[in-house]
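Features as listed in TrEMBL:
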- A:GLU434: active site, proton acceptor (ACT_SITE)
- A:THR152, A:GLY191: FAD binding site (BINDING)
- A:26-146: domain 'Acyl-coenzyme A oxidase N-terminal' (DOMAIN)
- A:289-449: domain 'Acyl-CoA oxidase C-alpha1' (DOMAIN)
- A:483-660: domain 'Acyl-CoA oxidase C-terminal' (DOMAIN)
- A:1-22: region 'Disordered' (REGION)
Number of protein chains: 2
Amino acid sequence: MTALNKSIEPGDSPDLTEERASGTFDTNAMAAVIYGSDKFAQRRREISEAISKIPELADSAPLPFLDRFGKVTEGSRKLSVILENIDKLIDPSSYEEGLHLYTEVMGMEGHPLALHEVMFIPALIAQASDEQQVKWLGRARRREIIGCYAQTEMGHGSNLRALETTATYSPETQEFILHSPTITSLKWWPGALGKSANWAVVVANLIIRDKNYGPHPFMVQLRDEDSHEPLPGITVGDIGPKMAFNGGDNGFLGFRNYRIPREYLLNRHAKVEADGRYVKPPHAKINHSAMIRVRSHMATGQGALLAHALVIAVRYSAVRRQGYLEDKSREVKVLDYQTQQHRLFPSIARAYAFIFCGFETIRLYDQLLIDVQNGNTSGMADLHALTSGLKSVVTYQTGEGIEQARMACGGHGYSMASYISEIYGVAIGGCTYEGENMVMLLQLGRYLVKSIEMIQNGKSRELGPMVAYLAENESEIDLNLGPNEYLKVFEYAARNQTWRATEKFQKLRNSGMSNEKAWNQASVELTRASRLHTRLYIMSTFINHVGSIVDQKVKGVLIDLLNVHVTYEVMDIGIYVQGLLSSNQMDLIRNQLYVSLETIRPNAVSLVDSFQISDMQLRSVLGRRDGNVYENLFKWAKSSPLNKTDVLPSVTQYLKPMMEKSKL
Amino acid sequence: MTALNKSIEPGDSPDLTEERASGTFDTNAMAAVIYGSDKFAQRRREISEAISKIPELADSAPLPFLDRFGKVTEGSRKLSVILENIDKLIDPSSYEEGLHLYTEVMGMEGHPLALHEVMFIPALIAQASDEQQVKWLGRARRREIIGCYAQTEMGHGSNLRALETTATYSPETQEFILHSPTITSLKWWPGALGKSANWAVVVANLIIRDKNYGPHPFMVQLRDEDSHEPLPGITVGDIGPKMAFNGGDNGFLGFRNYRIPREYLLNRHAKVEADGRYVKPPHAKINHSAMIRVRSHMATGQGALLAHALVIAVRYSAVRRQGYLEDKSREVKVLDYQTQQHRLFPSIARAYAFIFCGFETIRLYDQLLIDVQNGNTSGMADLHALTSGLKSVVTYQTGEGIEQARMACGGHGYSMASYISEIYGVAIGGCTYEGENMVMLLQLGRYLVKSIEMIQNGKSRELGPMVAYLAENESEIDLNLGPNEYLKVFEYAARNQTWRATEKFQKLRNSGMSNEKAWNQASVELTRASRLHTRLYIMSTFINHVGSIVDQKVKGVLIDLLNVHVTYEVMDIGIYVQGLLSSNQMDLIRNQLYVSLETIRPNAVSLVDSFQISDMQLRSVLGRRDGNVYENLFKWAKSSPLNKTDVLPSVTQYLKPMMEKSKL
């Protein structure tokens, strides 16, 4: 009989094989659920297989052994190998296949084209006129130029109104003069800006005859296309090492009265005529959807990062033995400890939940695009608010889960051989970029307050489907009826907290306080409402997605995982449901959680195997598919740079003289 | 009039000076409270001043710009400069002055003598006989040799019983034969073992005539004292890069039938006679106190790391401006946002609480040493349990607080220029080393269960003072009476949870389950009891310490900070006090928390200034005393290694050909 788990191979650690043999579902079938279709799951495996056949695509050394020069060089080197082989590897027209290829080969530490495809080209598509696209889009797509998107400044992130870079129109020469008036106006952080890009879309305040028309996008050449040297008037460089992404060259950029032709204002929406006349864009607020798109994809991306860390921690926990339970003759797998299960299994549930939630959100986004094309923009605000909260909750919980996964690996988790701290650095960046989490939560908060105000004004029926529960009454909870009852508990919590926070804000405002001050004093309570609302949405999409699954074995284990999820999440927000659940009901949920941890235990390894993250992509000695951790940990360490010689020059230069001197 | 805040200087950021001018207490007086005496606080300032006068003690480049070779070399270089100048800098007999000197000059990334003073020498003192001390202790103290302490193995951390390294006695030659029988038996992780140490205290199973006497400490020479080459039979090296401490050379060590003389068993407690007769130690369990000592100091050390991150985040939050409140003409300091205050101020309170708690625990430890010398070891178990829990709670909350501090700095927090991610890496290691946190919590859990059993057996009066509350009844809470009422709330929570967890364990065991299985199934609930018990202790020592302060202005602001603490902590454990506090009382506490955040706001910068961490020690562009962040961020970035040339070799080698090819 073939095992249902497809990751078993001869020579594997028997501890892992034992786990895999106990799995109750087909891991390929689960992968099809995780990646949206059996076909794409299959393609992923084929692409990974094809990659493994090209030795030049492998890391030339474990990435943690490289300094920044090494990482940046490695990214460029592999990029050239990818481009040489791309037709053999993927269907270049498939975004998903490309993503899988880049993720696997490049890893997560950054590379020179990272922003070219994701930010630069989309910005050209969205903001360049048809004429301008003819001029630049083809060049960008053929990679004749490397571009980036320069908006954030050293002193200015979330608040676009405060950007300082200016683009002053000079009617005499029909040019814009780009200028950075202060240090804080330097562009700061844009990916690939520092060393790689020779062109950029730059956001600057458009000034015509001393009047500021606000931030506009300009196409700007930064470096000579032959020498790659920065052009006169341009100051550009790398912003230095970061918590992660050190293979990437996030950069700074300053202008000293740098002139560009009038035609370089990206003028799909707004234009400046030769005489300096400003032609307004037909619609304001046209550009919300780009943010929604990026944030929708973040749920899936962060879910994948959490999954990545969990593959490592769960496999390692089945190999690592420590301490004794009943059998005193052999140490027990640490995965058998309840504390370990409680650290890891609710995070497995969240990883699945985030990925499913990403699907649903992207579906809503695609629907929105259709609606907008049909002239219906009513859903824009709803989805913008939702994705703001989602981005915030998912990034925070992902970071939390990854760190717990790392700590669950004990001492070796702390070694870069686990690679989990690198994954953490990458994931936790998401709490800050694409909108700082507190700012995001308060954007959703504003939407929730508006929804309550609609209810207060008798307009409950106009509420969107995702906030309709705010107008409902609480109902009796019968926990025996399954996950949907837990959803009601979350609705109660989110509704109660939203009303509480809104009423606090309104009361302060009504007491004569300014709107801004009242908002600020209610803001912590508002962020709590936003988190609960978002977590309700995540749980709801998880439940719905599991309900739609056809394969009964896969569905069975996902229902078990859902039971971990709903019990854990409700316990986690226990303080918000005191008015609803009795202490007996809370005890019941708590016990259910512990039972569900035991239920999922035999499938734990199969659940993480199903993510089908290859060893190449994992880059983790602890997480290897074969579970042969210890001998490879030794190999890894022996090959690390400090071990090239037995005696370090610094010992000869400093420590030996110190010891000699003492002997005199 | 001179400002009470002593950190004001001409040329500072006006935003910071404004904050400092509003402080209501003398920061030197607060530093005296933080560092235990005005005299030592003054010495710290003098030492920092003296260090700043020796340019060779400064970092030769910002540490994040160095690779591991650079960091290791930098540590050795500075060590030699320190030793040349030590008499000018500190009183070498003062442990505290030495610690301050090393912390400031070396930073936190590790150096070759880090373990020599803290582990190797104390191990010789505790375990070498008087004769052996004559032989080795002087050499160690004069730094003629560099030592480390090698206990942990690749496959074995917390469970000492499972160590695999053997030291087999050979009566013929009167030698021990050290051997590493497996890969998992390699010593792994010991600090300074990889490249620096030439001697080690090695823990191995003592085998005499096939009988295993368990782990014993041996003095072992690893490297030739002249050539520094590893001796034949020794395999030694660096374990590779880690999440932090990359200036340190944590190492691996294997033995191939490596012989050492019989006299190299450290025999203060146990001995092997020439004929192989084993002489038992007079007392078992003699060595608990070393662990207690290390863990007691961890509370202070972690408090200092949390403080370190908060100095950076609070100062930067007073300089960084973003968004608007009422005044639309100028962006507001981000420190004025309630969400930012809620992120940072409860952590300031915790940093103070941990430091005070460290004092109290070290006092208890010193008392214990006196008691033990007088033959009374009864307090050993109590303090061992307490410090196990303390280590766990303090390291976890410190890590949490540091990460929130980093995120509170927005994008620039993610740059290594903030240095906060390095502080995080260092601090969070504490969750794992010196006893993994879950294991630690369960050690305390065992003690708590025993305490409950004493109560159940009618022996309440024999309970130690720290667990007496477990036998008490709950009382009415009148929150208006101040912090001690909050303490009662915590007592209620800890008592309730401890009883609940114990009863769960007992019920399972009584149902016929084995002791181990019942313990495992109750373990998550037990860890919760341990955390609550520990947090109660922290709050209680904070309250007592503030009560003992004489300076009225200092005491006043610490009472404000205590109000942040007690309200925040009780809200944080709200789910455990549902049976005690009414929903009105919870609302009251919540509102008190928000009020207390506003109350502490004008003193926030002065509270972090009071830690008196010099710019050299901070190593953070964002946290600079003068607040001149932006110009220095630009300087820092421009000097980073990737900016040495405008065009990277990797661009010339890979990216330019890619772009050229496309143009054809």
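Note that the numbers count up from 1, one per residue, in the order the chain is shown.
The backbone N, Cα and C atoms fix where each Cβ goes, glycine too.
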The correct three-state DSSP answer for A:GLY191 (FAD binding site) is coil
Taking only the CA atoms, the spacing between A:THR152 (FAD binding site) and A:GLU434 (active site, proton acceptor), expressed in whole angstrom, is 11
Tell me which residues of the chain lie with their Cβ under 8 angstroms from that of A:GLU434 (active site, proton acceptor), as long as they are six or more apart in sequence? A:MET291, A:VAL294, A:ARG295, A:MET298, A:LYS391
For each of A:THR152, A:GLY191, count the other CB atoms within 10 A of its CB; which of these binding-site residues has the top count? A:GLY191
Hey, which of our recorded positions A:THR152, A:GLY191, A:GLU434 end up with a Cβ under 8 Å from chain B? A:THR152
DSSP three-state assignment (helix, strand or coil) for A:GLU434 (active site, proton acceptor): coil
The region 'Disordered' (A:1-22): DSSP-derived helix, strand, coil residue counts: 8 helix, 0 strand, 14 coil
Over the span of the domain 'Acyl-coenzyme A oxidase N-terminal' (A:26-146), count residues by DSSP class, listing helix, strand and coil in order. 89 helix, 0 strand, 32 coil
Suppose you look only at the domain 'Acyl-CoA oxidase C-terminal' (A:483-660); what would the mean pLDDT be? 97
